[in-house]
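J.: Take this structure, written in structure tokens, and hold onto it; I'll ask about it next.
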């Protein structure tokens with residue numbers, strides 16, 4: 001025989017749950033993207049109440065006051081609230097109406113901060129695993145980009161500046177060189193007066209020799 005579980009003993013992640021409960025409320029129908037209809041119902045036994053998610057036609061058949069036996073159900077946290085589901089091969093069977101002792105409190109489907117803290121570390125770990133990679137990816141390109149920009153754009157402009165600077169410096173250097181070339185003729189008469197006197201003396205000698 002299957003052992004029955006009380007609402008107070010339901011924990012997230014439990015499977016193959018067998019319960020007997022009474023339906024207190026039936027919620028609104030919501031449709032999924034696949035076209036399925038989902039209804040959340042509030043059920044209870046003598047230990048407390050909990051929400052159960054029922055799909056499609058079964059949800060339309062359930063009415064408040066029905067006493068139902070759940071077989072092969074499972075529990076999970078949905079939006080921070082503990083919720084019952086019918087698993088694969090699970091079944092909901094109506095076994096009676098109204099005559100059942102139940103307690104609406106405590107409501108185990110109320111938001112529980114413990115469930116949020118259990119889910120938060122997992123999300124934070126995933127964020128931490130992704131965050132280092134993201135900053136590395138962001139810091140890498142910008143670090144390389146400014147360097148490349150400085151080398152390609154600003155670097156070239158700064159290099160062009162000094163390169164342009166030396167050209168004017170070279171241009172004045174060229175005029176002095178031209179002045180030097182001009183000064184060479186000046187220097188040549190001043191420098192070679194000795195040799196010039198020699199040709200003059202040689203010329204006189206030649207003239208004297210010619211006169212002789």
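Positions of Cβ are set from backbone N, Cα and C atoms, glycine also.
Relevant sequence annotations retrieved from Swiss-Prot are reproduced here:
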DNA_BIND  22-92  DNA-binding region
COMPBIAS  114-130  compositional bias 'Polar residues'
COMPBIAS  131-148  compositional bias 'Low complexity'
COMPBIAS  149-160  compositional bias 'Polar residues'
COMPBIAS  166-178  compositional bias 'Low complexity'
MOD_RES   117  phosphothreonine
REGION    110-212  region 'Disordered'
J.: Could you please provide the mean pLDDT value for the DNA-binding region (22-92)?
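T.: Taking every residue in the DNA-binding region (22-92) and averaging pLDDT yields 91.
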J.: Go ahead and report the DSSP secondary structure tallies for the DNA-binding region (22-92): helix first, then strand, then coil.
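T.: Breakdown, helix to coil: 6 helix, 52 strand, 13 coil.
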